[in-house]
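Pulled from TrEMBL, these are the features on record:
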type: SIGNAL; residues: 1-17; note: signal peptide
type: DOMAIN; residues: 12-124; note: domain 'Cadherin'
type: DOMAIN; residues: 125-233; note: domain 'Cadherin'
type: DOMAIN; residues: 234-338; note: domain 'Cadherin'
type: DOMAIN; residues: 339-443; note: domain 'Cadherin'
type: DOMAIN; residues: 444-555; note: domain 'Cadherin'
Amino acid sequence: QRQRVLLWGVLLTACEAAGGQLRYSVSEEMPKGSFVGDVAKDLGLQLQSLSDRGVRIIDKGRTQHFALHGKTGYLVTAERIDREQLCRLVEKCVLRCELIMEGEMKVYGIEVEVTDINDNAPSFRQAEKELRLSEMTAPGWRFPLTEAHDPDSGRNSLKSYELSGDEHFSLSVQTSPDGDQRPELVLAKALDREETAVHELVLTASDGGDPARTGTARIRVTVVDVNDNAPMFSQAEYTVRVPENVPVGSTLVTITATDADEGLNGHVKYNFHKISDRASELFYLDSETGEITVKADVDFEDISSHELEVQARDGGELFDTAKVVITVTDINDNAPELTVSSMLTDIMEDAPSGTVVALLHMQDRDSGASGEVRCSLDEGVPFRLEKSYQEFYRVVTARELDREQVSEYNLTVRAADGGSPPLQSSAVLALRVLDVNDNAPVFAQERYSARLRENNAAGALDVPLGTTVLTVSASDADVGTNARITYNFGKLPVKVLQKFVVDAESGLITLQEALDFEDTRSFILDVQARDGGGLVSHCKVDVEVLDVNDNAPEI
């Protein structure tokens, strides 16, 4: 049987990719790691590029149902999936998740339909039912029996009922407008307490599976004396609206029924006749007073409406039925959930406008205005928010950045809902701006000047070799290698280059040969500063040679 289920789950798998949406199907109860779909093939991705692109799966709910197999590119189950647990009130069970490609900042929606298998037998809320009927009850009398429940869907759901055990009773199955089968016990033959005081019956419910599963309930009918007045509710339907923050223990509504009989036959007790498993966890009915109270926290986001059937039964087992509809109204009790799905930590200052720096996911579990999320960034920053896909947003650059003005940003993204008062959440994105070589060196002066005496052969005013002329200085607004400056001379005559030298690191200009006023009275030196990125700037150095009396008169 298990091998048939596994094979059926694989055969059901199908894929449809259009407009960024992938659709697959898989049978419930498949083991962890079962194949769902070939995501890599359907998106045209190479297997070796999956890890490079940072591909991962994000489930919309709080539980991770699916995972991406890194070596095959397959979408597989992350756990055993129980369709009845996830989609107890939904005919078509669809789970949604997103595939994030961080490297390309892309998002694909994935829908997986979980198909049903016949893993649940029909069951009755009451395995045994006690009935007391007057021996004067006329043939044709009908009594609604508790319906069986089968959480499976489609052909695997509840299909038929069968009654066995006694010729006095037969079974009639009524079909409601919504398709539910409601079994009724029908008195086919008049009762005689003196002939038979107790009738034992068995009600069997079967589903449509292959093979079919069944569940049974035992019905014990005790024949009693005449009780000719049934209880009557004050109204056929009770409706109540309650906010989801109603305190536990609060009374929602009081149902009332009256019975014209006296004594035990006129004593009315109340009970739930038809109620869902979830509603039975939330509401309590006092059998004596008819008060329906809250016994656990109700949540609009869980179930927004509950429909119950209540019975008023007297001591002779005559009854009346009424409907109770409880509508849960939403309050703004959920703040927006803001998740940073992917982000950069560093960005070059010359990155073009529109560069994506972060991918954010925002959602609010409330409804109406309380579930509408507005997001914003700090004012005055060179970034903006853009809608990406459904509840995803991108943070992109609004213009080019300038590291020399701002070297890092702490961007605060805020998400606020439309409730009153609004709830909000925020996240801080830390982004460092990296330098590019966009600033050339700048000299402290565009032109320098120095005055030096010429060499005196007599030695009175000798100018030693290596004498400092002056020091030029330049700065660069960039950082790191781009700001490292080296100095050298520009294009100069060889004769000049033989007399002067500039230190590449410090910018110190010194003499290499003695100067001669009678030969050259001044020099103009072209000094250039070059940064590590190759940007260059120039300055001029004027050197004036001062005359000394180093020549005797010639006759």
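Backbone N, Cα and C define each Cβ position, glycine as well.
No curator has checked TrEMBL annotations; they are predicted automatically.
Regional average pLDDT for the domain 'Cadherin' (125-233) in the model is 86. As a summary of secondary structure, the domain 'Cadherin' (234-338) carries 10 helix, 48 strand, 47 coil according to DSSP. DSSP states for the domain 'Cadherin' (444-555), grouped as helix (H, G, I), strand (E, B) and coil, give 10 helix, 46 strand, 56 coil.
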